[in-house]
Amino acid sequence: MTNSELNRLKDKAFQGFGIFCTLIGLVVLAIFLINILIDGLGRIDWDFLRNLPSRRAHRAGIYTAWIGTLWILVLSSLFAFPLGISAGIYLEEYGKKNRMASFLEVNISNLAGVPSIIYGLLGLEIFGRVFGLGGSLLTGALTLGLLILPIIIVTTRESIKAVPRSIRDASFALGASKWQTIWFQVLPASFGGIMTGVILALSRAVGEAAPLIVIGALAYVPFAPSSPMDEFTVLPIQIFNWISRPQAAFATNAAAAIIILLIITFTLNGIAVYLRHKWQKRVKW
Amino acid sequence: MLHLKFKNLAAAAILLLVAACGPKYNEDADLTLEGDISIDGSSTVYPITEAVAEEFRYAAPNVRTTIGVSGSGGGFKKFSRGEIDISNASRSIKEDEAKAARANGLDFIELSVAYDGLTIVVNPKNDWVKDITVAELKKMWEPAAQNKIKRWNQIRPEWPNREIHLYGAGVESGTYDYFTEAIVGTSHASRGDFTASEDDNVLVQGVAGDINALGFFGYAYYEENKDKLKAIPVDDEDASNGAGPILPSLETIKDGSYAPLSRALFLYVNSPAVKKPQVVEFMDFYFENVGQLSQEIGFIPLPDEKYKAEHQKFKDFVAKHTGKATTQRKPDSTNTSH
């Protein structure tokens, strides 16, 4: 066997290994999805989305849970978007590259890796007790906002970094101020990337149960929250509660609720893909 | 910006749905009763209180009852700070928790609402265990058993020389505290090398798939999985409450002969709570309905006289803190929602 034949063989082997690795992930995902769909699809109907919690599995619904989830999504994005994006812009465009900056950088990266339950404890103490917000939607949204803040900051910085230096130079050369350059050139060019990161961060927040249970989110809430100060429940808590019930019919409910949760997540991801696509087309240099 | 539009849309959708789904209630519902009732605590007691709260919302549709599941310990923590009205508990309050409540100026009362029978289960293929004594259970669960008691024949010589795999409730649960108290003699003390889960369905799966397994969990989980599990009769070697090994069942748990593993489940109500008319009404409703409802979801109701006695105990507690009888509530009584 010549050297080049050997190399080609190695190439083929690695290619096969790569396909194998990709398939493992996809097959596991497919099995999971099919399993959940078989278990839960038949359970989803209009009443399931409209009914309140109940001891009878066939009458129990996720009305208050999915509304709570939407509230949490909207409120935590209202809180985390402006803060995270502004912080990202500051760190990338204005912050001086000194020791303080690298200290902040390390800490933000570390924060992104802190287990979510720790954020729950923080939220319980600061928002729940010190600020006196209790187990309200606002406490939950602020806690989850904190949780996704580091992710938003990091993705914002990455997207801004990807804008070529020459664009900024050209803008300055035409007499634009720093702010004008950021607002009219850098932000539009990086907006697709920022939005993608932001929405992926939200998808993570949608799936959290642990920090919300810690701050005092409930399992049985028979009313849809009507203000940010109301108590609430979310889909992951409802799923967790149902899956630990003795009756098998509740497991079916859990599967159905998982499908709804997946639909919300996939919709968010779809929006992320759409936005990136749209903004990429818009940027013409 | 696009995401703002999306947010507006979502908000509009929420408002529409809130408006579309009005409350449903009975014709004889009490519409004058308003306010909040906040309940938290044990996830074991949760289904019972959920069932009562579900029925109560037809009786008093304007009362907002919420129930959390932070566990017996988590519930007591909030309860003793006065953050909640009622605490679900699968064990009695501990001395330090009671002290914390009193330090905050709270008086409280313990009320039994149903029974549960912690069921000892093995795999259906396990053909050697026909019964078990409390002493034998202690021998396999006590802290000294760690890394020592590892085979079935160490418990009883005629059992085979096979490994024993233990499955039990997570150490933060009231179920674990109760089991260790009843079997080992000290609450919260056991060997550490067993498979623990807060989710009893995980334990069911574990025992159902492992011929060498022995586990314990609430009676309802055994009831629902009878085809996958074998319950073991337990002998407490005390003939005064039924001689010989006794299987858990509706009757043996209710009459107390399934000892020491039949346990009461509790509600705790504190003194500020009984000043709220909606809480008093809810508790009255609780005692009238919990017998039938608890059975419906797999728990064992107390005997009727016991419910009457517990209800009376509650009424006395209310009288002590409000200075008036409880059953006649004035419709214009103040709404103390927070």
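Yeah, the Cβs are placed from backbone N, Cα and C, and that goes for glycine too.
Listed in TrEMBL for this protein:
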type	residues	note
TRANSMEM	A:17-41	transmembrane segment
TRANSMEM	A:62-91	transmembrane segment
DOMAIN	A:66-272	domain 'ABC transmembrane type-1'
TRANSMEM	A:103-124	transmembrane segment
TRANSMEM	A:131-153	transmembrane segment
TRANSMEM	A:182-202	transmembrane segment
TRANSMEM	A:209-228	transmembrane segment
TRANSMEM	A:248-275	transmembrane segment
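Counting C-beta pairs under 8 angstroms (sequence separation of 6 or more), the transmembrane segment (A:17-41) fails to reach the transmembrane segment (A:209-228), with fewer than 3 such pairs. At the 8 Å Cβ cutoff, the transmembrane segment (A:103-124) and the transmembrane segment (A:248-275) share fewer than 3 close pairs (sequence separation 6 or more) and do not count as touching. Contact between the transmembrane segment (A:248-275) and the transmembrane segment (A:62-91) is supported by 3 or more Cβ pairs under 8 Å, counting only residues 6 or more apart in sequence.
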